[in-house]
Structures are given as C-alpha cells and as structure tokens.
C-alpha cells in the first residue's frame, strides 16, 4: 500500500519504483498492440512484408473462393471478404505478430452445414445465394460474439478444454467428409446429386454410396481436369517439401496461384466451359461491393437460434487452432524476424481480437476466420516480419474485389474442389502418427474417444459428432476433477520427520503410527472434489487405504483413529462449499471424541485461513493450538494431549475414590 494508507496495485508500485512515467501509454500499447509495433516499424521491413502478403494472397485467395462456393454454399466473393476485414483487425488487436487470420476448412464446412439445414427446412433455397450469405453472416457474427464475450470475461483457459483425441477424431472425420464431398463436383456429378433425393444434404455415407453407384456416369473432362489438378498440386507440394531445406526460396513459388491462372486461361482458349466443364462465372457482388447486413434482425432470429450451437463449436475450434498457431509462432524462427519488442502473447486478448474480427466479418456476410498454422507458417517462411503483412494482405484483397473479379470468370469449379481435397488430405496426414502413439502407450480410452467421434461424424452428421465429442470430453474432465486425491501417510522407518504415502510404498519402508490417522490433501478443495471426500475418508479409516472396495468390512483397528492429522499443504485455495464440507467432517470427528489437527496451513493472510476461521473449523478443532507447521509437531501434540487426558482421567478417578 501507499504511504498515505491508499492501496496501490503491484503494477503501479513497480512502475513508480523503476521510474516508468508513461503508465497510460504502457496500458495502451498492451491492449492495442498496433500502437506498440507501429512505432517500431521501419521502411526496411516493408519489402519483406509485401512479398509475404503477396505470396499468401496468391495461395489463399483462390482457396477462399473454394471454401465459400464448395463448403459454405454461399457466393464465392463472400469467401474473399474474410481476407478483407479479419487480417487488418487482427493486426490492430492481435498479440502474435506473424499470425495471419483467414477462413479454414472446418469452420467453412460447419457454416455450410447450417446453410444446408435451412435449405432442407425450406427457409432458403439452393439458388438463393443472397439469403444463404445472410445465414453464413449470422453464423460468423455469433461465433465472433461468443469468442469476444469469452475474451471480455477472461476465459482464455478454454483452449485447454478440448483434448487432443477429441480434436484428432473430429478433424480427421472432417477431412473424410470434405474429401468425399468434393469428389462429387470433381467427377462432374453435382447436377445428378442435386436431382437425387437425400444425397446433397445427406450424410457422408450416403454420398459415398452415391459415388460408388454413379461413378460410371462421371463427366470425363471435369474428372480429368479435377483429378489432374489434384495430382499436380500434390506433386508440387512434395517437391517443395523436399527442396526447401536446400533451396529456401522455393517457398516463394505460388504454385497454386499459377495452377488457377493456367486452368482459367486454358478453359477460355479451349472453350471447355461449352463442353460441360463448370466454371465460376460472374462472381461480382450484387450492387455495391462490401454490402453491410446486420445478421440479428428480428426476421432472422429463426436462423440465429438454429445456428447458435454450431457457432459455439466454430468459435471453440477456431480459437483452439489459433491458440496452437500463436504459441508455435510466438517466437520467430529466425533472429532477424524478432523485430517487434515487448509483445506479450495473451489468450484473453487473442479472444478479443478474433471476436472483434469475426463480428465485423459477420456484418459483411463473410466466412468465420481464425488463425491458421499453415498460413501463418507461410507468412513467416516468406519473410513476414510484422503485422503489416496482414494489413497489406487486406489491401491486396480489396484490390482483387474491386478490379480483378472479372478475371476469375473462367476458373473451373473442379480445380477449386481439387484444392480443397488437398486441404482434406493434409487434415488426415497426422492420423497415423497419433494412432501409433496412443497404441504404443496403450491409451485405449483416448483411442475409444477418437473412434466414437469419428464414427458418429461419418455415419450421422457434424453436429452429432460435435455433441458426442464435447459430451465425452466434459465427462472425462469432470470425472478427473471431482475425485479427491487424498492419501494416508506413514512415517519413513528410521526417521522422525519424513512422511510418505503408505499406498505408494507398500514395501514396509513406511510404518503407520499407532493411534493416529495422517491424511494428506494434495490439491485445492472446491465444490467439485469435496462431494466424495467423506466416503473417501471413511475408506481410509476402515481399511487404511483408498484402493479397497467399499464392500470390504472394516479391518483397521478403530483405536488407530483416535487422532486425525490433516496435512493441507496442497490446499492452495478453498471455496465456500469446500469449507462447509470440511467443517462437517471436523465436527463429526469431534462428536465421536476424535482429536483433529491441521498442519502446513497457508498463512493467516490467505483466503484459506480466512474460511477456516469464518466457517468455525478453527474453533471446532480446539483453537489455533491445533494448527501447526509440520506433521511431526502435530504428532507431538497428539502425544501430549493423550498424556494430559490420561492424567486427567486418573485425577478424576482418585477424586471419586
């Protein structure tokens, strides 16, 4: 506190002590990182940032067209909008300088699922692209709102809720779903699928059956262009992977952009569009570019209610992927890329940045956009040094929307589908490694979780897979967090002050102490893990171990429970519900004539000690004398009180005689 009695925060105290005068600027630079990095920016960085932005634009703007038209079922231009607004907003608010925000396959597919559900219900139509875009905008807006609220309420720890098996099972299932989805337009069977009931909006299995039954009816030219594109991209991908260690500049080659340009030029010259090859056609936005549409109008609330659960999952998955990318890219790969100083990666500020970006994107009916590791890795490997590369990417995208959209007219849809199939393949690449890892460590519960999520997603739909995955993940978390991990301690033979778990050392190296039950509580006590504390303590009293089945009759001598010592060094926090349960346990012991002692309690200034006093635990035990610094000291107190009790008994007997 200050000298005049007013409290001062630790931050203000340290700032004043070390002569930091501009404390307001300090907070401004922290919460608006743009003002931190822009003052450090040099013109010499511009070339690298421009090259990185141009490379990303050439690779990922065509991909955004694919995500919008093939996965999101909205106009292709709305996919490009995700690169107009989101990168520049993240550059202002984000805390990872090299991360680039944009649409991802999983989020686009989930958005398309909502659009399809509304088409199935008759709320929209396949050809009503304007309404479909409005539905997608509502999904993006709500995803942004959810993640923004999470950031404001400091819920950055949520990226730890989803386990690796859940994500691997779900992402691999998404990879299969996307791959089979894209085979239909790649083989020129989209028109037949639309005409066949239950296929276009059916499950992954329905589409696989349709493909097997109708593969002979594929359109030859479309199949050749699509599968040829897929093969060329895969070959280029592998060549770049093998050549990059020796020739780093190969990363600058925009192979996918060149493939797009060549396919469009050849289609135009050869007249393939007149031979049955589907092309993008006119993808200009109706009316003025960048139309604004508020997605939560009263008339659109019916879309919003249906889309909320999917928006929540998109927000969770998007934040998790962004978090992985941000942690991986927190430090630049090369020393010369560490040009921005005083950048502190913060999960809560990341939530705010991504939330604001998607709320704004939702107003313009774009796809949900989050940080992607692959895209950000390209930014770092092609010379990107600062968030200016994201701003330049947004500017390039604006120019594309305003001036270059007519050039996209002859791009074959099959080529875009092939590009998405490559993304689906990349989602499946890590499956063998994860499977082998869990098999090697015999992680059968993780394997079962992955399998259940995978099967439910493939055989039903994405929502069922999500529900199963989140439900099972939460059950595992709750099961783990609600089990108290109390231990019975014994004294190490040949010592007086060393105590260890008697269950872990069953080799007679640890001995029980007659008349005393020593219980160690190695974790904070909350409402979640104290519900079963009474029954666990009863097992220790009856059997001397928590591993025995409760059906076993009591085998431990009750005289060994005359004194109970709680070692609460691990109880670093305690809530009201936990304090109430602990008070009831202590009161029950005292009612049975059992003496209760506590050792290694947190300091008297802590919240734990305050709750011990307020709940009455201190008084019920017998006062502060029963709260000591070590187990050894508590044992001496038990011996002293037992001797005092015996002397008092002898005195009473003598007086009665």
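Start at 1 and count along the chain as shown; that gives each residue its number.
From the backbone N, Cα and C atoms, a Cβ is placed for every residue, glycine too.
On a predicted model such as this, the values are computed, not experimentally measured, just so you know.
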TrEMBL record, transmembrane segment, of the ranges 165-184, 185-204, 245-264, 265-284 the matching one is 165-184
Ranking 133-153, 165-184, 351-371, 391-410, 447-475 by Cβ pairs under 8 Å to the transmembrane segment (80-100), which is first? 351-371
Here the stretch out of 50-68, 219-237, 447-475 with the most C-beta pairs under 8 Å to the transmembrane segment (351-371) is 50-68
Under 8 angstroms, Cβ to Cβ: which one of 50-68, 133-153, 165-184, 219-237, 391-410 has the largest number of such pairs with the transmembrane segment (447-475)? 165-184
Which whole number is the mean pLDDT over the domain 'STAS' (506-638)? 86
Cβ under 8 Å to the transmembrane segment (133-153), counting only same-chain residues 6 or more beyond its ends: which ones? 72, 74-75, 78, 107, 110-112, 114-115, 118, 124, 293, 295-296, 300, 303-304, 307-308, 310-312, 314-315, 318-319, 348-369
